[in-house]
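In TrEMBL this protein carries:
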type	residues	note
TRANSMEM	31-55	transmembrane segment
DOMAIN	48-299	domain 'G-protein coupled receptors family 1 profile'
TRANSMEM	67-89	transmembrane segment
TRANSMEM	109-127	transmembrane segment
TRANSMEM	148-170	transmembrane segment
TRANSMEM	208-232	transmembrane segment
TRANSMEM	252-275	transmembrane segment
Amino acid sequence: MYFLRTVLNDSNIIIHPPGFYIIGFETFPFISVYFIFLSFVYVVTVLFNCLVIYVICFNRSLHTPKLLAVVNLAVIDVILNTCTIPSMIKIFLVKDNFIPFNLCMLQMYVYYAFISLESYALAILAYDRLIAICFPLRHNSINTMQSMSWIVGVTWFFGLGVILFTTSLMSRLSFCNSVIVFSYFCDYAPVFRLACNDYSMQWASASFLTILILAVPFTFILLSYVSILATVFMMKSLDSRVKALATCVEHIIVVAVFYIPILTIFCVGFYLGLIDPDQRVLSLSLASCIPPCVNPLIYSLKTKEIKIRVLALLNILVTHLINGPCSMASKVT
């Protein structure tokens, strides 16, 4: 065992261990199958989200407020899964589940920062639908590139700042007993519960964080769709109603995929303690890793403007693959 290091903080000795041991998946049967599945999820996440980012960034005609929000979601999805899945696969392949203390704090910060940004990104997309349907005549004047850039920038500044504060609270805890974290990464609650001094402040910040990064955006999304439904049912034409609602279907699915599992796990598992720890770890890993994988498939790539550009790009690639050998052969002859 490594020697513990001590930090002097407000005249109290704070003991920080060299690191923690992540043991969330050690008791699971068929764990190799699950990690193969996670590898597939990660490849799909990176491939399709990077495709969305590339198509939007390199086509000036796609530089619109809505697609800026879509790019924002795609960037968040890539970073969110990158901060957890590779480390989980590394633990499985190398059989080394030790993570240094500072790296643990960094992973904790990145995970919760981008979970919060994911939540706010879905709320931003709901805002886009709200303005487009409820204020169609003023949509272009209200939802401009400048206003959308400000909204995205504020959510990043707010999300990164709040999580930086809550993560920094972990430095006030002493870990003088167990350093075994029963989760699939350096999770906030499983780590602070290992502390041998009072962690009531960390518990309060975790509760506040759940409300701030999950409940508030989710409430905004619900209220947005209440306003959207009220506007839609006031439309006289049935075709107009169907078209308006059709533009919201993919977003509603993405919202459900993200919020329903994660809110259930946090509320039922974290606060009520009604979920078995093994099931909580597996459920939370799926709830965190699946949305970034399916978001581009369900939402981003279904957007009409992106779909047209992606099909055109694929057509060019296929043409080059087919004509490439032929052109090379003609040059040789």
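Positions of Cβ are set from backbone N, Cα and C atoms, glycine also.
Here the transmembrane segment (109-127) has long-range neighbours at 66, 69-70, 72-73, 76-77, 79-80, 83-84, 143, 148, 151-152, 155-156, 158-160, 162-164, 166-167, 185-188, 209, 212-214, 217-218, 220-221, 224-225, 251, 254-255, 258-259, 262, 288, 291-292, 299, meaning same-chain residues at least 6 beyond its ends whose C-beta is under 8 angstroms from one of its own.
Per-residue pLDDT, averaged over the domain 'G-protein coupled receptors family 1 profile' (48-299), rounds to 89. The list of residues near the transmembrane segment (208-232) in space but at least 6 beyond its ends in sequence, with Cβ under 8 angstroms from a Cβ of it, reads 112, 115-116, 119-120, 122-123, 126-127, 129-130, 133-134, 159, 162-163, 166, 188, 241, 244-245, 248, 252, 255, 259, 262-263, 266, 270.
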